[in-house]
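Quick one: structure below, then a few questions.
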Amino acid sequence: MPKNSKVTQREHSNEHVTESVADLLALEEPVDYKQSVLNVAGETGGKQKVAEEELDTEDRPAWNSKLQYILAQIGFSVGLGNIWRFPYLCQKNGGGAYLVPYLVLLIIIGIPLFFLELAVGQRIRRGSIGVWHYVCPRLGGIGFSSCIVCLFVGLYYNVIIGWSVFYFFKSFQYPLPWSECPVIRNGTVAVVEPECEKSSATTYFWYREALDISNSISESGGLNWKMTLCLLVAWSIVGMAVVKGIQSSGKVMYFSSLFPYVVLACFLVRGLLLRGAVDGILHMFTPKLDKMLDPQVWREAATQVFFALGLGFGGVIAFSSYNKQDNNCHFDAALVSFINFFTSVLATLVVFAVLGFKANIMNEKCVVENAEKILGYLNSNVLSRDLIPPHVNFSHLTTKDYSEMYSVIMTVKEKQFPALGLDPCLLEDELDKSVQGTGLAFIAFTEAMTHFPASPFWSVMFFLMLINLGLGSMIGTMAGITTPIIDTFKVPKEMFTVGCCVFAFFVGLLFVQRSGNYFVTMFDDYSATLPLTVIVILENIAVAWIYGTKKFMQELTEMLGFQPYRFYFYMWKFVSPLCMAVLTTASIIQLGVSPPGYSAWIKEEAAERYLYFPNWAMALLITLIAVATLPIPVVFILRHFHLLSDGSNTLSVSYKKGRMMKDISNLEENDETRFILSKVPSEAPSPMPTHRSYLGPGSTSPLDNSNNPNGRYGSGYLLASTPESEL
């Protein structure tokens, strides 16, 4: 430690140096505490340690602008689920009526918990491991669980990007390769591929040409080399986007976050001009109010809110940790949440405008096929021509005319009617067909685009949008893995990031087998749902009940410069934990009531069949959930019995129990005890104080406090005035 003038004079005169703590700090020249050497209390022989400043933020990267940060949060939270899951849930759960429970739960669960993660990340300026270690060391396992969940999600999520890459490259041809069934040679006769003839061209292309899928999860079938190459491309894209941290990913976000909105806007305009688009939108938003009383609707709405904002992954915390301390994260939480909701509604409009068009196409096809059946029955005298209304013209048969004719035949030929095999061809039935996930993106949407003018252009735009949506979410997911590990273990950023991508690619080969789609279903449905719910409820408890909601609100007031709404106090303290507990219980009950299974594509039947997971797959599923949640009890037990150090003796800064921030500027000037904290290891460490008045960077030399009348400073020594980062 650099010597002040008094100490220098006494050392030159060989006098015995005795300084109080206050004198040493008050007369100190500017100092760089990162190289200070302290004697730590409780260590035998006065062993010296280099106190590396754990919460140093001098070298921490920062966002180039507020816009870049907001786009990163939007890119992470707005993902493929907004495009293919929210519209499905909206249709399934009452149309416009579903928006009511969704909005209510967004306000009482989504925004408060999103704000909580933004606040702790911004204040403590560490990834998920460091943040929860500082808030409550015994719950430090939360951060490790978040990393594991991010790894599980990243493994299969990038496979979906790989699928989109495959379709993207296949879109540069006319006609689109999934617009017609392939023709095969059977000797000298050309016939349509039977599997395609029984299903549809787009369904066949997805299951056979793209996935080359096996009949069950137990039939591996070997690697699909086309998807293996696409997965390699996907991980290469992600690796290049995140290898330099936010310096590289931040720039990528300008395109990956904004481009999907351009595409959605173009699709909406084009979709509204399609015949039948209004039918789809009206069907979508026609409220079925009785659905609002169904508990299942509220459970699914809560789950969607929960995952739509990316809570519990650690990506939100990682991104906010690169913010300035005085950033208004209160505003950010509301802004990102409502942009997310707006995106979901926009995507729903686009999806059902397109599906309304598709429903009209399919309904007209149904009318033509059944009209041909009726003509056959008329020609064979199975039906009398007297049953056909006189104004019906088979050459220009409308949907209305067919419905009238169908009703007459069904009434007159009541007993023989089932044997005729006629369909009602109702538009409502087509619109009611629930489509979600890969079925929406790679079957329903691709089929609709085959009927678009200039279909290759729209196909390229659509799959490029999916790639960008997936990339934005993957950047946040990778940040949830790399940021806490790099912060905690100080590993080289570039090397660790590249290593993660290479490791994930090789593990991801599991998902590009012929049975890989079934593993994607398993990971998507079960590997993250329950663990993330547990993670977020423990985050809420750690801040609201262990640290204390009142103290947390005080810290936010100091950090933001204004007091957040009292609304958040009650949400964090009571409402959100209760809702999360109910959601966790409901998820566990759902697992027990409905045995886990998957939809398998049976080649011989050219149809899907729901199968239950075999015993080994159930064991894998349970292992995934256990591995994701195991760090929480393990770290708790190890720290409870003092088998794992909380690292307090290696920190240059220790913290009073139950305080995240300590501003010493308001303390009494002559109170020397203000520089000495409790020897009890911190239960809630915190970042550096907001206001620092007199110390700045400078040269250092070792500080030997063995002659100090107060004894060794111990682990409670407070670096009250280390310069605050410009971040």
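Backbone N, Cα and C atoms are what each Cβ position is placed from, and that goes for glycine too.
From Swiss-Prot, here are the annotated features:
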- 1-68: topological domain 'Cytoplasmic' (TOPO_DOM)
- Ser13: phosphoserine (MOD_RES)
- Ser20: phosphoserine (MOD_RES)
- 69-89: transmembrane segment (TRANSMEM)
- 90-96: topological domain 'Extracellular' (TOPO_DOM)
- 97-116: transmembrane segment (TRANSMEM)
- 141-161: transmembrane segment (TRANSMEM)
- 162-224: topological domain 'Extracellular' (TOPO_DOM)
- Asn186: N-linked glycosylation site (CARBOHYD)
- 225-243: transmembrane segment (TRANSMEM)
- 244-251: topological domain 'Cytoplasmic' (TOPO_DOM)
- 252-269: transmembrane segment (TRANSMEM)
- 270-304: topological domain 'Extracellular' (TOPO_DOM)
- 305-322: transmembrane segment (TRANSMEM)
- 323-333: topological domain 'Cytoplasmic' (TOPO_DOM)
- 334-355: transmembrane segment (TRANSMEM)
- 356-451: topological domain 'Extracellular' (TOPO_DOM)
- Tyr377: phosphotyrosine (MOD_RES)
- Asn393: N-linked glycosylation site (CARBOHYD)
- 452-471: transmembrane segment (TRANSMEM)
- 472-494: topological domain 'Cytoplasmic' (TOPO_DOM)
- 495-513: transmembrane segment (TRANSMEM)
- 514-528: topological domain 'Extracellular' (TOPO_DOM)
- 529-549: transmembrane segment (TRANSMEM)
- 550-569: topological domain 'Cytoplasmic' (TOPO_DOM)
- 570-591: transmembrane segment (TRANSMEM)
- 592-618: topological domain 'Extracellular' (TOPO_DOM)
- 619-641: transmembrane segment (TRANSMEM)
- 642-727: topological domain 'Cytoplasmic' (TOPO_DOM)
- Ser665: phosphoserine (MOD_RES)
- 680-727: region 'Disordered' (REGION)
- 698-710: compositional bias 'Polar residues' (COMPBIAS)
- Ser701: phosphoserine (MOD_RES)
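Walk me through the surroundings of each of these features.
Under 8 Å from some Cβ of the topological domain 'Extracellular' (90-96) lie the Cβ atoms of residues 283-292, 294, 296-297, 300-301, 348, 352, 432, 434, all in the same chain and six or more residues away from its ends.
Distant neighbours of the transmembrane segment (97-116): 89-90, 287-289, 291-292, 297-298, 301-302, 304-306, 308-309, 311, 316, 329-330, 333-334, 336-337, 341, 345, 536, 539-540, 543, 564, 567-568, 571-572, 575-576, 579-580; these residues of the same chain sit at least 6 beyond its ends, with a Cβ under 8 Å from one of its Cβ atoms.
Long-range C-beta contacts of Asn186 (N-linked glycosylation site), restricted to its own chain and to partners at least six residues apart, with a cutoff below 8 Å, are absent.
Same-chain residues lying 6 or more positions outside the transmembrane segment (225-243) and placing a CB less than 8 Å from one of its CB atoms are 158-159, 161-163, 165-166, 210-211, 249, 252, 256, 467, 471, 474-475, 478-479, 482, 494, 497-498, 501-502, 504-505, 508-509, 511-512, 516.
Each residue in the topological domain 'Cytoplasmic' (244-251) has a pLDDT score, and their mean in this model is 69.
Same-chain residues lying 6 or more positions outside the transmembrane segment (252-269) and placing a CB less than 8 Å from one of its CB atoms are 68, 71-72, 74-75, 78, 241, 343, 346-347, 349-350, 353-354, 458, 461-462, 464-465, 468-469, 471-472, 475.
With a cut-off of 8 Å between Cβ atoms, the residues of this chain six or more beyond the topological domain 'Cytoplasmic' (323-333) that come close are 62-63, 66, 69-70, 73, 111, 114-115, 118-119, 121-123, 125, 556, 559-561, 564, 690, 724, 727.
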If you count other C-beta atoms within 10 angstroms, which of the recorded positions Tyr377, Asn393 is the most crowded?
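Most Cβ neighbours within 10 Å: Tyr377.
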Below 8 angstroms Cβ to Cβ, which residues of this chain, lying six or more residues outside the topological domain 'Extracellular' (514-528), approach it?
149, 152-153, 155-156, 159-160, 211-214, 216-222, 224, 227, 307, 437-438, 591, 596, 598-600, 613, 617, 620-621, 624-625, 628
Round to the nearest Å and give the CA-to-CA distance linking Tyr377 (phosphotyrosine) with Asn393 (N-linked glycosylation site).
16
May I ask for the residues of the chain that lie six or more residues beyond the transmembrane segment (495-513) and have a Cβ under 8 Å from a Cβ within it?
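Counting only partners 6 or more residues beyond its ends, the transmembrane segment (495-513) has Cβ contacts under 8 Å with 151, 154-156, 158-159, 162, 214, 220-224, 227-228, 230-232, 235-236, 238-239, 242-243, 245, 478, 481-482, 485-486, 519-520, 523.
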Residue list, the transmembrane segment (141-161) vs rest of chain: Cβ under 8 Å, 6 or more residues beyond ends.
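Residues 80, 127-133, 227, 231, 234-235, 237-238, 312-315, 438, 466-467, 470-471, 473-474, 477-478, 480-481, 484-485, 504, 507-508, 510-512, 516, 519-520, 523-524, 527-528, 531-532, 534-535, 538-539, 542, 624, 627-636.
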Using Cβ distances below 8 Å and needing 3 or more such pairs, separated by at least 6 in sequence, tell me whether the transmembrane segment (529-549) contacts the transmembrane segment (334-355).
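No, the stretches stay apart by this measure.
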